[in-house]
Amino acid sequence: MCFWTKPSVSWVSLFLLLSLDPSTETEKPSTQDSSSTWSPGQLTEVLRVLSADDPRPLNHSRSLIRTLLEKTGCPRRTDGRQGDCNLCFEPDALLLIAGGDFEDQLKEEVIQRVSLLLLYYIIHQEEICSSKLNMSNKEYTFYLHSLLSLRQDEDSYFLSQNETEDILAFTRQYFDTSRNQCMETKVLQKKSGILSSDGADENTLPQLAATIIALSLQGVCLGQRNLPPPDYFTEYIFSALNSTNTLHLSELDKLLNTLWTKSTCIRKDKIHQLRRKQNSLTLHDGDYSNLSVSMDPESEDGPISWDQTCFSAGQLVNIFLQNKLSPISKEDFKQMSPGIIQQLLSCSCQLPQNQQAKIAPTTLEKYGYSTVAVTLLTLGSMLGTTLILFHSCEENYRLILQLFVGLAVGTLSGDALLHLIPQILGLHMQETSEFGHFYENKGHIWKLLGLIGGIHGFFLIEKCFTLLVSPGAKKGPEDAQAAEIPIPSVNTPNRKCKTISLLAIMILVGDSLHNFADGLVIGAAFSSSSEAGVTTTIAILCHEIPHEMGDFAVLLSSGLPVKIAILMNFISALTAFIGLYIGLSVSTDPCIQNWILTVTAGMFLYLSLVEMLPEMTHVQTQRPWLMFLLQNFGLTLGWLSLFLLAIYEQNIKI
């Protein structure tokens, strides 16, 4: 492929600009032809067409620029009619800024500069024509550097491919170019003699501008057409209903029923549903609108299909209102209505049933579900206190306690690792597959499950070493008090009354603060989502049963009667409701929710891995292998429960 030389680009571009006229539209080159190499030999044919349609002398710089500005400033529209042309920029000013002369023939450098100024004019036509921006009081270098720095986050010395796409998006709208397959940006750059991967610089940008203007006036589509024309939506609606240009009353009734019930979707073909494109129109310094657009994934060589594309609000505004930045008026909304109806009919933005976006719980749901959860938590803690009454043997009590300790370690650490930490880090966010399907990435759950497997593996090694090598070894200093405190008789000596009362007060105060924190955590969890509330409640409940069993044993050993101990334990459990409603009130902000859940994850890991797991390792019993089996059963049950909740929590319906 041979590339244009600098002189041929400028002159051919200019005469192609001037040669386009309404009467010669049938002579537009096809998209394929426009992508082929151009040669200066075409100049004769261009001059012949030009002289037949424009009687004005073209050897005068001012007349050439005026003709060029009229054809660029007043492009043909889709209806094929040229309206009144009110130029917002004087040809003389354009020529002076480009460094041209009124009498001499235009030089190739002036032609390229004029093309660059026209690109700036196209991008900022609304501001220029509303007198918000005056092009006459700036020098040429200002417009050159303005285009080079179109995107503030990219290199200001080069026009990147993204910036080139932004410019081409404007030109496609402005000139309403061909809807056929477009010339790729890279091909356009090569045709303009731009070989650097960085893009055009200040020396080659004017040459690229001349090529863009020339091809656009010929009707050649440049870049990638990422949005359909406005007429597409109306055509889709009529085609979906009866494939004609008119609607009968019965078909209009069918349309209304579809929109009312949302029970069926009118699809023209079976295509993968696309995720809603979050493409907003971002304004950078200098009032440049950078178009971020998306396209239905079709074959590169095939025609573009928009039938199942989900357009964002910004894209619909871009299609119907030409990137309008002001508020949408009633007339604007009338124009956009076909697009909105088409999106509803095609169900393009509808997710699969099992992947619907989670809606934040309502105030009634948060307070209702969380109150039920704390009530169950309170009853569960009381269950822990009643278990001890049915076991007069200390050995049986210790075995039951270790079963629940293992369950608590599994649920607490499992909730922290499999649910809370991923939620804090945003790993629960939905992603989109290659074909546009929604799914929640579960890869992190398997990695975290491997982490839990490592914890369990080393626990087994240490426990087996303790059982096989030193079965009669003394207990370690980490042994928990709850596991070793014998169940005393109810008749405790009165001489220890003062010490017993102090110990009971310490236990009750600590238990009240602990339950308050549990209520706070449950409130934050249910404020986040119902699923988070369920998993957190299960973890806390499994922890509360052995915890309350231990506290109750300490209260009995301190000399309190059984009935008083149960009553005091119940009163301390009620502080969870205080923490709950405080948590619900302060965790309305998602940021506060995340911080509460962050501290909760740390607390769960500390309780399970620092406080309770060492107890399971060093506790002594007369039946060590039975305790070993019960501990592992509790651990496995806790981790398995939280793992299944992490996998299937999206399917939980409350």
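Glycine too: its Cβ is placed from the backbone N, Cα and C atoms.
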Membrane side match, ILE540 / TYR648, Swiss-Prot record: no
May I ask you to name which of ASN59, ASN134 Swiss-Prot has annotated as N-linked glycosylation site? ASN59
Would you mind telling me which one of ASN162, ASN242 Swiss-Prot calls N-linked glycosylation site? ASN162
For the transmembrane segment (449-469), which recorded stretch in the set 399-419, 502-522, 564-584, 595-615, 627-647 gives the largest number of Cβ pairs separated by under 8 Å? 627-647
Counting Cβ pairs closer than 8 Å to the transmembrane segment (627-647), the top stretch among 203-223, 399-419, 502-522, 595-615 is 399-419
Reported mean pLDDT - the topological domain 'Cytoplasmic' (616-626): 79
